[in-house]
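Engineer: According to TrEMBL, the protein carries these features:
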| type | residues | note |
| --- | --- | --- |
| ACT_SITE | S223 | active site, acyl-ester intermediate |
| ACT_SITE | E356 | active site, charge relay system |
| ACT_SITE | H471 | active site, charge relay system |
| DOMAIN | 29-481 | domain 'Carboxylesterase type B' |
| SIGNAL | 1-27 | signal peptide |
Amino acid sequence: MVLQIVPSVLKTLVLLANVIMVCASGAEPPVVNTPSGRLAGVRLSFENKFTDAFLGIPYAVPPLGDLRFRKPLPFPSWGNVRSASQYAPACSQLNFRIHYGVVLNNSLSSEDCLYLNIWKPSCARVDKCNSMLPVVVYVYGGAFQWGDTSMFYNDGLVFSSVNDVVFVSFNYRTGVFGFLTTGTKEAPGNLAFWDQLLALKWVQKHITAFGGDPGSVTLYGQSSGSMAVGVHVLSPLSRGLFKRCIFESGTPLSLFTLPTGEETSSFYDIAASTQCASPSQNISVMLNCLRQVKTEKILSALKGGRIINIISEDHPRNQYYIPTSGDDFLPIDPFVENAWRELGAKKLLIGRTSNEGTLMVRFLTQSVPQLQNLNDFDYRFFLNVVFSVMLNIPVSAARDIVSEYFSDYDVQHDNDTVYSIIGEVMGDVMFDCPNKYIAIQAAAQGVDVYMYEFAHRPSFSAWPKNFGVTHADDLPFLLGT
């Protein structure tokens, strides 16, 4: 049996519970004047403290029709008071397998999704607070394929209330809609980052209306959201939009980026799958066709294809749509040493959980059934392939690395031990080593760097005990959700 969770129902129930309590007290809905127009939000309560929430605020023109696969455009001003009391839909995406038998049903997701949310401590007049508060802009994770600000674990109520900050979250395009590229200006790719950039610019222009200080913005991300934060630290286009950054379980060096020349193969793949392929391979013709295809058909084309199923209930195709470098947004590959010599942040907080890699191994074993019993094949050879092919490490050096983790390369280990060690390898490769490298590079430039390890296994963890304190176990504690 598979339990399906519909985000729109869950988020409505959570929001209603808060609103009903406040409405019973006779509180008036907060209204704020912004440069784009007036907004009417909702007043929420946490531990006898009131917090004003403004949900579903448009920051970009809906990227529909001819705007699909293009950079976002700023949303125009509105005339009357605009309701900001409900979350917007998640950006279009496949269903997401949260756990072995739990699936997040994203059937109500939409391409009309570029909206943001703001929580702030209440005051007598929401637009007349006495002092400017620090601002935290949060970027959710989801492997760049999924994600939604409305999910309960991304809610900003507790964080804003406890820390007396203005908390901002926003939706951005993911998967094929956020990262499809032709390698040309017609579909430049990295659209998710362009969405995020526009949201950050919106914050700079509007946040004072919510009592926030545009000169005191912290950009905070988790998992792929943290990788995105690192991309903004590197991008020349994001300069001056934030001062501090929090990397929670991810950096740009955690990414397995597409090899040069392969970033456009996914474009031809989806074009062929939606009957948009052109005999002449004319990019403009195929793009025009793709912009007219229904959202559902594009999502359907991603299901059940040629590759490894990672964590989608719907078995996505073998070509993920992920970030690329070499464009205007990210001119230099993050894996090039000089990429980290000029950073756009003054302070960095970089963190990880104790056993990040065990969840990554779980994704691998779920994707490739043959890996579920690690002793049924030569796992050491598998690691050699991972190091030499994916990380471009010479085979001889890869064998030395594997021997370092397994003590004696020629000794066979039991399945649990192998699982634990491969988890350690994945954690070091994707998180610990990149964290330390970036910390060293940043500190050498005079950036204040702080690091942490989250070592508490939550009593409500959904994962087996041998996973330890794994990826995302810290999220409920750090956001207060």
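Sequential numbering from 1, following the chain as shown.
Each residue, glycine too, has its Cβ placed from N, Cα and C.
Automated prediction, rather than curation, is the source of TrEMBL annotations.
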Engineer: About how far apart, in whole Å, are the alpha carbons (Cα) of H471 (active site, charge relay system) and E356 (active site, charge relay system)?
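Structural biologist: Counting only the Cα atoms, the answer is 5 Å.
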Engineer: Ten-angstrom check, please: count other Cβ atoms within 10 Å of the Cβ of H471 (active site, charge relay system), all chains counted.
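Structural biologist: I count 27 other Cβ atoms within 10 Å of it.
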Engineer: Can you tell which of S223, E356 has the most other C-beta atoms within 10 Å, given these are the active-site residues?
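Structural biologist: In terms of Cβ crowding, the pick is E356.
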Engineer: How big is the Cα-to-Cα gap, in Å, between S223 (active site, acyl-ester intermediate) and E356 (active site, charge relay system)?
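Structural biologist: Roughly 10 Å, rounded to the nearest whole number.
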Engineer: Could you please provide the mean pLDDT value for the domain 'Carboxylesterase type B' (29-481)?
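Structural biologist: Averaged over the domain 'Carboxylesterase type B' (29-481), the predicted model reaches a pLDDT of 88.
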